[in-house]
Amino acid sequence: MIKACIFDLDGVIVDTALYHYQAWKRLANELGFDFTEHQNEQLKGVSRVRSLELILGWGGVTKTQTEQTELATRKNQWYVEMINRMQPSEILPGAKEFLQAAKAAGLKTALGSASKNSSTILERVGLLPFFDAIVDGNHVAASKPDPEVFLKGAEALGTDPSECVVFEDAIAGIQAAKAGNMKVVGIGSPEILTGADLVVPGLHEMTIARLQALDSISTK
Ligand code: G16
Ligand code: MG
């Protein structure tokens with residue numbers, strides 16, 4: 001029986017990719033090279049530290065560990081300035097409605113995000129009260145496709161992984177859910193999110209009936 005939903009944040013509930021892009025671009029430009037939207041696409045769901053490593057590699061720049069920490073902090077300060085101005089209108093279509101429907105159906109809900117800023121974002125858009133547990137980049141050691149973030153979410157909810165459905169927009173996140181023995185709904189295009197049990201373009205296309213229909217699928 002499906003008892004819980006675990007949601008990725010960026011690309012599922014809100015879209016903060018543009019803010020990440022602007023902050024990383026500013027940092028790259030200060031370091032003397034450019035950063036494209038195409039490169040930004042490859043950073044979705046990737047941790048801050050790993051994102052910086054990739055960007056420095058693309059720019060052909062080498063920095064010490066101490067310098068990297070300082071650069072990541074600087075980028076995050078610009079990013080936080082932007083997310084502090086986020087509004088409820090930035091919630092992706094159908095996300096609030098599906099969260100409401102899940103709660104009304106008696107399902108538990110958790111967040112499973114790579115971001116260390118997830119609570120700020122949820123608070124700014126007014127969605128914090130819809131989550132029973134928040135597991136994010138502050139709580140995990142291993143990044144997706146490692147299942148740690150989702151397994152910790154299931155544990156926080158007191159639910160067996162096989163009774164959880166994960167909602168994810170990134171391939172690494174879908175792999176993480178599968179590695180954790182969970183069912184997974186891909187948010188995006190079926191051509192890209194091939195490992196998911198179901199793919200919808202956004203939560204506006206998701207219903208509790210479609211969720212419960214996943215029950216017949218084995219997670220093994
Ligand atoms: C999100 C974004 C990534 C970002 C990561 C870490 O992941 O998609 O681009 O690098 O969080 O964010 P922060 O710098 O705020 O800790 P997710 O898992 O919510 O899709
Ligand atoms: Mg995502």
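Cβ atoms are placed via backbone N, Cα and C, with glycine included.
Features as listed in TrEMBL:
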BINDING   8-10, Trp24, 43-48, Ser51, Lys75, 113-117, Lys144  substrate binding site
BINDING   Asp8, Asp10, Glu168, Asp169  Mg(2+) binding site
ACT_SITE  Asp8  active site, nucleophile
ACT_SITE  Asp10  active site, proton donor/acceptor
Annotated binding-site residues Trp24, Glu168, Asp169, filtered by Cβ under 6 Å to ligand 1 | none
Spatial neighbours of Asp169 (Mg(2+) binding site), counting only the binding-site residues Trp24, Gly45, Ser113, Lys116 and Cα distances within 10 Å = Gly45
As a whole number of Å, the Cα atom of Gly45 (substrate binding site) is distant from the Cα atom of Glu168 (Mg(2+) binding site) by 9
Can you tell me the three-state DSSP label for Trp24 (substrate binding site)?
-> helix
DSSP on Asp169 (Mg(2+) binding site), three-state: which is it?
-> coil
Compare the C-alpha of Glu168 (Mg(2+) binding site) with the C-alpha of each of the binding-site residues Asp8, Trp24, Arg48, Ser113, Lys116, and give the closest one.
-> Asp8
Least crowded of the binding-site residues Arg48, Lys116, counting other Cβ atoms within 10 Å of each Cβ, is Lys116
Within the same chain, the residues at least 6 apart in sequence whose Cβ is under 8 angstroms from that of Asp10 (Mg(2+) binding site) are Thr16, Ala17, His20, Lys44, Gly45, Ser113, Ala114, Ser115, Asp169
Please list, in sequence order, those binding-site residues from Trp24, Arg48, Ser113, Lys116, Asp169 with the Cβ less than 6 Å from ligand 2.
-> Asp169
Around the Cβ of Asp169 (Mg(2+) binding site), other Cβ atoms within 10 Å, all chains included, total 24
Inside 8 A of the center formed by the CB atoms of Asp8, Asp10, Glu168, Asp169, which other residues of the chain have their CB, for the recorded Mg(2+) site?
-> Phe7, Leu9, Gly11, Val12, Lys44, Gly45, Ser113, Phe167, Ala170, Gly173, Ile187
Cβ neighbours within the same chain of Asp8 (substrate binding site) - under 8 Å, at least six residues apart = Gly45, Leu111, Gly112, Ser113, Val166, Phe167, Glu168, Asp169, Ala170, Gly173, Ile187
Are there residues of the same chain, six or more positions away from Trp24 (substrate binding site), whose CB falls under 8 angstroms from its CB, and which are they?
-> Phe35, Asn40, Leu43, Ser51, Ile55, Lys75
If you count Cβ atoms within 10 Å of the Cβ of Ser113 (substrate binding site), leaving out that atom itself, what do you get?
-> 30
